[in-house]
Each structure stands twice: as C-alpha cells, then as structure tokens.
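Peer 1: Structure incoming, see below.
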Amino acid sequence: CFCKRPVCDSGETQIGYCRLGNTFYRLCCRQ
C-alpha cells in the first residue's frame, strides 16, 4: 500500500489515512 495525495490512482482502493507531519494522505492499496 502507499500513502498518496490528493487522491488514489485508478485501480487502487483507499483503506485509511496516513499522517506525515501536518499533512494527511490517503492510504491506497492495489486490488
């Protein structure tokens, strides 16, 4: 899985969030 922003790539599913410093990322996993 990867932490991405602003959105997950097509073909990936968001399963949660990551926080790095004061920035939130989406936790995206490939199916």
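Just so it is clear, glycine is given a Cβ too, placed from its N, Cα and C backbone atoms.
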Peer 1: Quick test of reading the record: Swiss-Prot lists a disulfide for Cys8. Which of Cys18, Cys28 is on the other end?
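Peer 2: Disulfide partner per Swiss-Prot record: Cys28.
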Peer 1: Cys18, Cys29: which one closes the disulfide with Cys3 in Swiss-Prot?
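Peer 2: Disulfide partner per Swiss-Prot record: Cys18.
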Peer 1: Can you grab the distance from Cys28 (disulfide bond) over to Cys3 (disulfide bond)? Cα atoms, rounded to a whole Å.
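Peer 2: Each residue's Cα considered, Cys28 (disulfide bond) and Cys3 (disulfide bond) end up 6 Å apart.
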Peer 1: A 10 Å Cβ contact count, applied to the disulfide-bonded residues Cys8, Cys18, Cys28, Cys29: which residue has the minimum?
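Peer 2: Across Cys8, Cys18, Cys28, Cys29, these disulfide-bonded residues, the one with fewest Cβ atoms within 10 Å is Cys29.
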Peer 1: Hey, what's the Cβ neighbour count for Cys1 (disulfide bond) at 10 Å?
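Peer 2: For Cys1 (disulfide bond), the count of other Cβ atoms within 10 Å is 15.
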